[in-house]
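Per TrEMBL, the features are:
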ACT_SITE  ASP323  active site, proton acceptor
BINDING   ASN77, ALA78, ASP79, GLY105, LYS106, GLY107, ALA108, ASN109, GLU208, ASP323  substrate binding site
BINDING   ASN253, LYS289, LEU290, GLY291, ALA292, LYS293, GLY294, GLY322, ASP323  ATP binding site
BINDING   ASP317, THR319, CYS353, MET356, GLY358, SER362  K(+) binding site
DOMAIN    70-365  domain 'Carbohydrate kinase PfkB'
Amino acid sequence: MEGIAFSPSKNFNFNANRYSKIHGNQTLHPIQTLTQIPFRFFNHQNKPLLSFSINSTESTQTPITHPPPLVVVGSANADIYVEIDRLPAEGETISAKNGQTLAGGKGANQATCGAKLSYPTYFVGQVGDDAHGKLITQALGSGGVRLEYLKSLTGSVPTGHAVVMLQSDGQNSIIIVGGANMSSWPDKLSDQDLDVVTKAGIVLLQREIPDYVNIQVAKAAKSAGVSVIMDAGGMDAPMPQQLLNFVDIFSPNESELGRLTGMPTKNFEQISQAAGKCHKMGVKQVLVKLGAKGSALFVEGEEPIRQSIIPAAQVVDTTGAGDTFTASFAVALLEGKSKKECLRFAAAAASLCVQMKGAMPSMPNRKSVLNLLQSV
């Protein structure tokens, strides 16, 4: 054998400036994935004698796939479930029937939903360097989510987590601790951080990360001609007008719609009027999740499109149902379905979601959704 030939690779390149803008003594590390580097050995007649490959960790950006992916920028939480018969009264201590920790967070939920529906999906977010961060990273990866833009924070910042008080009827109350979701984001996102956003088909946002991060992401997406869906769930605070200026579809539930517009939302007429106020604030489409009453899409200048729920065999846990609905709607829209078909597809996915405990574990796969749609 006269020589060795191997294919060149940039897999070992490292950009030292990529994560330089951080707060305090925190250090950001991209979650690494494995890629194969091929090696081939040739004889003097240039005929291959041996071929093999090795795995290398890769921290450089991955070329965006076609069709353009769904990109979710948002939160990742460890959901600490406590199962109770009822909520405690003020000053009261009660015992939980059961407790466990599952991966969740609105951003991670939506990303997992997109990937489990067999659509290429990237997640952009942050976790802490702790057991909860590892739990979430593993759950996202197992769900098929691309993790090149998920960062791990070293130091004392914990992974975001939430206490989910799950009652016997499937309803829940949730308390959120922001952790890495709210800490150590750069003041200005780099072009590299925004690269995946500008190449997306749709960008999904929520309000469990700082508004200034969402504004930068939405602005970059809008400038690149990428549609932005803003889920109103998360912090209970006024929605910045600067953010709404870049949003194509605003998606609150009825209580969020009422809080953000300052208008009553007890019946459909009131909901329609509140959606009209959103139109005046610059959002052309308002996708309202109505719980047991279904959903409605209000497009400025058009008649509302209503979708009833697809009844579930049993309601086990409503956690993540709204995230499933929003992400499923986005996937259907990316696939070219009509708005009415998007609503129906999302309703089917949400119906399947509430029949299992946990947020990310309950996200349905594509086959299950299609089977349900064929049966109703």
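Backbone N, Cα and C atoms are what each Cβ position is placed from, and that goes for glycine too.
Predicted, not measured: the structure shown is a model, and the values here were computed from it.
In terms of C-alpha distance, the listed binding-site residues LEU290, ALA292, CYS353, GLY358 place GLY358 closest to GLU208 (substrate binding site). Between the CA atoms of ALA108 (substrate binding site) and GLY358 (K(+) binding site) there is a gap of 13 Å, rounded to the nearest whole number. Cβ neighbours within 10 Å of GLU208 (substrate binding site), excluding its own Cβ and spanning all shown chains: 25. Note on the binding-site residues GLY294, GLY358: the fewest other CB atoms within 10 A surround the CB of GLY294.
Other Cβ atoms within 10 Å of the Cβ of ASP317 (K(+) binding site) number 23 in total over all chains. Shown are the binding-site residues ASN77, ASN253, THR319, SER362; the one with the most C-beta atoms within 10 angstroms of its own C-beta is ASN77.
Within 8 Å of the Cβ centroid of the substrate site, not counting the listed residues ASN77, ALA78, ASP79, GLY105, LYS106, GLY107, ALA108, ASN109, GLU208, ASP323, the chain contributes GLY74, SER75, ALA76, ALA103, GLY104, GLY160, ALA162, ALA359, MET360.
The Cα of the residue listed as 'active site, proton acceptor' lies closest to that of ASN253, out of the binding-site residues ASN253, LEU290, ASP317. Counting only the Cα atoms, the space from THR319 (K(+) binding site) to LYS106 (substrate binding site) is about 10 angstrom. Highlighted in sequence order, VAL316, THR318, GLY320, ALA321, VAL354, GLN355, LYS357, ALA359, PRO361, MET363 have their Cβ within 8 Å of the centre of the Cβ atoms of ASP317, THR319, CYS353, MET356, GLY358, SER362, the residues recorded for K(+), and are not part of that set.
If you average pLDDT over the domain 'Carbohydrate kinase PfkB' (70-365) in this model, you get 94. If you count neighbouring Cβ atoms within 10 Å for each of the binding-site residues ALA108, LEU290, ALA292, CYS353, MET356, the highest count belongs to ALA108. Comparing LEU290 (ATP binding site) with CYS353 (K(+) binding site), their Cα atoms are 16 Å apart once rounded.
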